[in-house]
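What TrEMBL annotates here:
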- 20-38: transmembrane segment (TRANSMEM)
- 24-454: domain 'Major facilitator superfamily (MFS) profile' (DOMAIN)
- 84-107: transmembrane segment (TRANSMEM)
- 114-135: transmembrane segment (TRANSMEM)
- 141-170: transmembrane segment (TRANSMEM)
- 182-201: transmembrane segment (TRANSMEM)
- 207-228: transmembrane segment (TRANSMEM)
- 312-332: transmembrane segment (TRANSMEM)
- 352-373: transmembrane segment (TRANSMEM)
- 393-415: transmembrane segment (TRANSMEM)
- 427-443: transmembrane segment (TRANSMEM)
Amino acid sequence: MRSLAPGIKLITSFSRDSWYRFFILLLTFVFYTTYHLSRKPISIVKSQLHRNCSNVIHPADRNITDNDTWCDWAPFDQNNYRNLFGVLDNCFLVAYAIGMFFSGIFGERLPLRYYLSSGMILSGIFTALFGLGFYWQIHSLWYYCLVQALNGLVQTTGWPAVVACVGNWFGKGKRGFIMGVWNSHTSVGNILGSLIAGVYVSSAWGLSFIVPGIIIAVAGVICFLFLVESKSHFRLEGNLLLYACGLFTKTGTERKQKQRFVEQEPLLRNSSSNEEIFSTNTSTAVETVEDHTEAISFCGALRIPGVVEFSLCLLFAKLVSYTFLYWLPLYIANVAHFDPKEAGDLSTLFDVGGIVGMLLWCGALVNGPYALITTAVSADLGTHECLRGNSRALSTVTAIIDGTGSIGAAVGPLLAGLISPTGWNNVFYMLIAADVLACLVRLKADVYYYFCYC
């Protein structure tokens, strides 16, 4: 008798539940990759909006009056262009920081599939609107600031939703490794966003925004069609379908079918009792145990031990990370005199460092702790024993931690825009100071985390 091919053996060695978990993990990975993919183009396009026009060949059919700024895009053709870039960054980041504190609250009260898919589609629209300013010849700073602010608000739908979804599907024992690998979507999205934007930045920079906008909008449609936010939803819908098809009887077959849907304990489970999908009495009706726990309040989440400490730590970590995210390509273009595409491609080494690890190590040391706090630590805090099994706290806790971090993400690029005219070295001194503060706060947070969770 011939044995099965090794590949088929590998596939069949995993249970159907394992394949569902892998599918959800892959979906959420792709979804949040597109979120970061759509945020990255602004950092690549900056060096195209304002560049050294004296080195650019003049068009023969154009009357040039200013040799230094004729190729720049108004209103970024003035000497205060770095300040304007800082304002543009902060329109997105401040709106993101404010919206994040409310996003977790909405995420706990709305279906995650609808919440996430609508946020992705709206984000795609606003990202594309920024790029359409190139084709519509819009030179108003208010237009770009408004589009950035609206995009920042709708982008807050992503992080609390995907973390809560992954938390609903995976047990605590596997969470550290799984979320550590899964969180590489941040760096993957930044890398893809840089490469895609770099393809169009020198020819038609509007496409650097339109193409990522289309990608995240398409991902939003996929989210609406395929995302299952928790295992209990999948089991209930699947069993209802089987009952409707008459596949269950009151014999041993029913017990066998029931065993097919027995799954491991999810990350978030109410302490009262396990859910029972099938009725044990003679009735054929399907009974479910509903979650009657109330969603945790904002102040209640702040009282969870460790939330404030790790939130402040993430504030300084994201200050450094997002300063590199939004200003590194412009720094490379100004200091090393690379063209916008080359500067964007080189800046991806920072994000490669966030996955594998003088730029590569910097990315590893900055993005590593940042990734740990926003995933595994947030999940641990969201399931603290003081919550007594409340399964609806993870989204709020995640939003508070990431929202506080987003304040730092807004402050960093703003300070970079204000300080960089005095010299790029001063920007790096500011980043060093932020890293030192992050280390001091994390010392206390790590001690608390060790004694409370380890």
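Quick reminder: no glycine exception, Cβ is built from N, Cα and C everywhere.
For the transmembrane segment (393-415), the most Cβ-contacting stretch among 114-135, 141-170, 207-228 is 141-170 (pairs under 8 Å). Contact between the transmembrane segment (114-135) and the transmembrane segment (427-443) does not hold: fewer than three of their C-beta pairs are under 8 Å, each pair 6 or more apart in sequence.
Between the transmembrane segment (427-443) and the stretches 84-107, 207-228, 312-332, it is 312-332 that has the most C-beta pairs under 8 angstroms. When each of the listed stretches 20-38, 141-170, 207-228, 312-332 is scored by C-beta pairs under 8 angstroms to the transmembrane segment (182-201), 20-38 comes out highest. Long-range contacts of the transmembrane segment (312-332) within the same chain, counting only residues at least 6 positions beyond its ends with a Cβ under 8 Å from a Cβ of the stretch, are 39-40, 42-44, 46-47, 85, 89, 93, 190, 194, 338, 340, 343-344, 346-347, 350, 362-363, 366-367, 369-370, 373-374, 401-402, 404-413, 415-417, 420, 424, 427, 431, 434-435, 437-438, 441-442, 445. For the domain 'Major facilitator superfamily (MFS) profile' (24-454), the model's pLDDT averages out at 75.
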